[in-house]
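These notes concern the structure reproduced below.
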């Protein structure tokens, strides 16, 4: 039986999820997007789906009616309901599963509104706290069961970090580590200098003109994906003046002494559609549109030895929009059919 999907929030991730599901074709035969909820008009949603400043023009016929998005002749009903519990898509469209992409329903308690409205399952496209499973596909998707109803797909950085940390820990054991994500700016930042609602002085500065230190919970969230690493990793972000394309640098102290060659060989061992390996000397624009959650870069591996102590640095690239979306869709396909 086909699982019917409603996308709540048709912003950067919601639209890219729709694109990815369409582009996968027969691979998504077990699911069907039937409705969208977003607080703007179908005409605006159609325009933003078709034309994307980062990922290019969507290669499908896209138009809109008064109450629908139309892609390749198929209608997708559009709602503009601000309260999740009031979206009538279960009754009207048979929605079974909500892909929650608004950035607002980012907890078990908040996303419960979708279940109260009749949906059976919810996948949140953001970190969502300690009381929900956080799933990074290729690392811990096997922890999902048919009894799970609300699950988090984590963040783009967690999806970049987890495969690399998992490989290091399984092969060599991680004692402690710190992560830095060199991260593209996002829609929550300022185009020009201006007051920040949270009174964060750095967030008040122009995103495309500055390197801006920023917090991230991605490293701490690794404990939700890999419990054996809980409390062992922390980190921060540097938001940089690029619109997309990021990298994660992880510096660790390991249980075993290693060489750079041994570390790279270990990463190669864990290569998968979710965790790629590329020895070319790439830069950030080269990873735009990549479908892996991250690409390990062996050219940047460093092992620094001082006596009997070592620091090990490993690096993975990721498209902070599309890599995460592809990972989320992998989780969606797995979760929806349990």
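From the backbone N, Cα and C atoms, a Cβ is placed for every residue, glycine too.
What Swiss-Prot says about this protein:
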BINDING   12, 13, 38, 125, 320  NAD(+) binding site
BINDING   155, 156, 157, 186, 216, 217, 239  D-glyceraldehyde 3-phosphate binding site
ACT_SITE  156  active site, nucleophile
SITE      183  site 'Activates thiol group during catalysis'
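Annotated features taken from Swiss-Prot, shown on the structure.
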residue : record                                        : contacts (Cβ under 8 Å, 6+ apart)
12      : NAD(+) binding site                           : 187, 321
13      : NAD(+) binding site                           : 101, 125, 321, 324, 325, 328
38      : NAD(+) binding site                           : 8, 9, 10, 11, 14, 45, 78, 79, 80
156     : D-glyceraldehyde 3-phosphate binding site     : 246, 318, 320, 321, 323, 324
183     : site 'Activates thiol group during catalysis' : 157, 214, 216, 237, 238, 239, 240, 246, 320
186     : D-glyceraldehyde 3-phosphate binding site     : 207, 239, 320
Practice task
Would you give the longest CA-CA distance, in whole angstrom, between residues of 12, 13, 38, 125, 320, the set recorded as binding NAD(+)?
Solution key: 22
Exercise for the section: Pick the one among the binding-site residues 125, 216 whose Cβ has the fewest other Cβ atoms within 10 Å in this structure. Expected result: 216
Handout entry: For D-glyceraldehyde 3-phosphate: widest Cα to Cα gap among 155, 156, 157, 186, 216, 217, 239 in Å
Key = 16
Problem - Of 155, 157, 217 (the binding-site residues), the residue whose Cβ has the fewest other Cβ atoms within 10 Å - result: 217
Problem - C-beta crowding around residue 320 (NAD(+) binding site), within 10 angstroms - result: 29
Completion exercise
By a three-class reduction of DSSP, residue 157 (D-glyceraldehyde 3-phosphate binding site) is assigned helix
Problem - Neighbours of 155, 156, 157, 186, 216, 217, 239 excl. site residues, C-beta within 8 Å of centre, D-glyceraldehyde 3-phosphate - result: 181, 183, 214, 218, 237, 320
Exercise for the section: Measure the Cβ-based neighbour count of residue 239 (D-glyceraldehyde 3-phosphate binding site), defined as the other Cβ atoms within 10 Å of its Cβ. Expected result: 24
Practice task
Return one of helix, strand or coil for residue 239 (D-glyceraldehyde 3-phosphate binding site), based on DSSP.
Solution key: strand
